[in-house]
Amino acid sequence: MRRALVLLALLAALAGCGQRGGSDGALVSGVSNSGNDGYAGAKLDQPYTAPDVALTDTADQPYSLVKNGSGKLSVVFFGYSKCPDVCQVVMGSLASAYAKLDAADKARTQVVFVTTDPRRDTPAVLKTWLRRFDPAFIGLTGPLRTIEQVGDPLHVAIEKGQKLPSGGYDITHSTSVLALGGEGRVPLVWDGTTSPAQYARDIHRLLTKDHAAP
């Protein structure tokens, strides 16, 4: 029953920030048949693997989830700063979760936000926006094609949506949060409704029990 609920939650998480659906059934592939071992997130039987592809951080420097994240647990979310709702909620929850970590866990954890709207999310824009949540958070941008190269193996769907009355546009994207550990592997995926306490508890377990970030 719990596994079924987790699968439904992950499917429901595939909504765009403008409440538009973005189906990507592969997102839930590999969920453990033996349950989630007490995690709030969904454990993957076959962890996703991030590619060693460089994006650009808020300091205009190359940044690879694999190389630059080595030795830490990266909590990765794909979204965009102009998102009116879901992205704000998820990033707020991650900021609260990060604040709950003790000093040891915090030193081994980094929150990484990858934009799905690089046309508007320049390094400077991302830096300013992320400060609203935590100045320690890492923001990444780059050509959309490169972002898709990073997101595809992680089962992150990105799609430019409808034109908005304001003159901007909506972006449909997966709203799952990824726990990326050693060797760029993702053993755990959370949905967008995960609470700060649940994130913090899972992060602590990954760091101390499962050694996801050596």
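From the backbone N, Cα and C atoms, a Cβ is placed for every residue, glycine too.
Per TrEMBL, Cu cation binding site is recorded for C83, C87, H173.
In the three-state DSSP classification, C87 (Cu cation binding site) falls within a helix. Marked as disulfide bond by TrEMBL: C83-C87.
As annotated by TrEMBL, domain 'Thioredoxin' applies to 44-208. Mean predicted confidence for the domain 'Thioredoxin' (44-208): the pLDDT average there is 91.
What TrEMBL records for 1-22 is signal peptide.
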Neighbour tally for C83 (Cu cation binding site), based on other Cβ positions within 10 Å of its Cβ: 22
